[in-house]
Amino acid sequence: MTDLPAKYRAVSSSADQAYHSNDHASEAGVSGDEPYSTIEHIPAAARTRWTYFLLGCAILLPFNALFNATPFFLSRLAGSPFYSTFTSYLSSVYTLTKLVCQFYCTLTSKQSSSSRRISLSITAMTFVITSLCLSTFIRGTPSTFFAFVLFNAASIAIAASYLCTAVYAQAALLGASALQFMLSGQAAIGVVVSSVQVASSVIAIWGSSPKSVLTVAMRANDRTEETAARIFFGVSAVFLCITLVVYTRLMRQPFHKPVTGAMNHHPGDGTPDERIGLIADQRRIASTDSNSHVYRVFGKNLIFMFSIAYVFVVTLAVYPAITARVRPVDPSIHPLLFTAVHFLVVNIGGFIGQSSCSFPRLVVWSGRKILVLSLLRTLFIPLLLLCNVERSATTPVPSIIHSDILFMIIMLTMGYTTGYVSAVALLAVSSLEHNPRLGGRREDVDVAATLGGSCMILGLALGSLSSFGVQAML
């Protein structure tokens, strides 16, 4: 993956020399004064980018692990009054908790160490995922299990909020390349999880009829979901541990310290002795200054923030609430496998969409053009409602699209545009060169990127609520 030009970056000059010196030499034709040779620089840059790729995976892995284990959760709640509404409760608790916490983390992003937030949040998520793994060995009452899962969902949402804001801010300071790798990691983890789901579906339906598979899936004492959840939670916990170790080692590298130092250091005027007397005053005004800073950046970049949020409003309004109810037109295709494949197709589209932003010619920098692309995605809602969706006998919306291939093409396109539009909006809003709304202020870059990540969560929450209205049309 090639780097974007050095002019897109927003780290301090010392950090530029330590991390981006090779880019200046190759792209701008200027030799830097960095203490690292080209041979040393290449593995340093690659190590940094792939570390942020892992961090991108870690941001969404707990979310995917939580919702991928829904069959296991439902098997423990079978026969209880919580069974029919559990999925709605789970998604609502997660998205609303993360929305509130993300807002707080964004406002306080300048008041604490981003490196410390990343380390502590990954540690917290590891403990939560481990507790969910241990729950597969223990059986209790449905009400206790219901409360346990929702508590863990809220805990994951809180930890993920701290992780998301800190990673977005650091990646933005490192430049477009690191930010792109982080976004690709988010998309890649979705592909991996969906691939596991498809493989599990193939194993489940092997040699069985659709009716028999659905019957087995509804049995409360079935062990398949329990074993699958145990393995997935265990692998997720191990992956988070590996990510924490890799990130900790990166933080100790000399070539990365200028970047974290530029972000975690809050400069002041005067000598050290003079600054000691100002600590009390600085603490009193820090919160006010930080809040006004965030509001100013948000207001000036509202067009990007709306575009990012609306991308996920449209996506979550129909996916998976409506798309999971689409049934194959071909009777030889098993519905369980059909649904699993459609998840995989969407995630592959998202991965391709985000990865395509690594090619500079495909990146759109104009805020108005990005807004138009975001608004055009509204067309996916009526398109999917016209597919072969399970609907009531009195629904006014007919089924017109009777093609499994066309449905998958629509899902691939929706996934691609979700990844592409959200990625270009994040790249554009944090670009000093292409976003005049930043006014050349480097201190606004990480705030803009963090706000963009927060708008993603806002879009997810609003989209989840919108799905109830879309489902009412069926």
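Note: Cβ is positioned from N, Cα and C throughout, glycine not excepted.
For the ranges 15-34, 255-274, the feature annotated in TrEMBL as region 'Disordered' maps to 15-34.
Long-range contacts of the transmembrane segment (227-247) within its own chain (CB-CB distance under 8 A, at least 6 residues past either end) are made by residues 51, 54-55, 57-58, 61-62, 65, 68-69, 71-72, 118-119, 122-123, 125-126, 129-130, 132-133, 136-137, 196, 200. The transmembrane segment (449-470) shares the most Cβ pairs under 8 Å with 144-169, out of the stretches 52-74, 144-169, 181-207, 405-429. If one looks beyond the transmembrane segment (144-169) by at least 6 residues along the same chain, the residues whose Cβ comes under 8 Å of a Cβ in the stretch are 52, 55-56, 58-59, 62-63, 66, 73, 76-77, 80, 82, 86, 89-90, 93-95, 97-98, 101-102, 104-106, 109, 114-115, 117-118, 120-122, 124-125, 128-129, 131-132, 135, 179, 182, 263, 446-447, 449-450, 452-454, 457. Counting residues 6+ beyond its ends, the transmembrane segment (334-353) has Cβ neighbours under 8 Å at 184, 187-188, 190-191, 193-195, 197-198, 200-202, 204-205, 210, 213-214, 217, 319-320, 323-324, 326-328, 404, 407-408, 411-421, 423 in the same chain. Counting Cβ pairs under 8 Å to the transmembrane segment (181-207), the top-ranked stretch among 52-74, 118-138, 405-429 is 52-74. Beyond its flanks by at least six residues, the transmembrane segment (405-429) meets 176, 179-180, 183, 187, 301, 304-305, 307-308, 311-312, 315, 319, 323, 326, 341-342, 345-357, 363-367, 370, 373-374, 377, 380, 383-384, 387-388, 435, 448-449, 451-453, 456 of its own chain at Cβ-Cβ distances under 8 Å.
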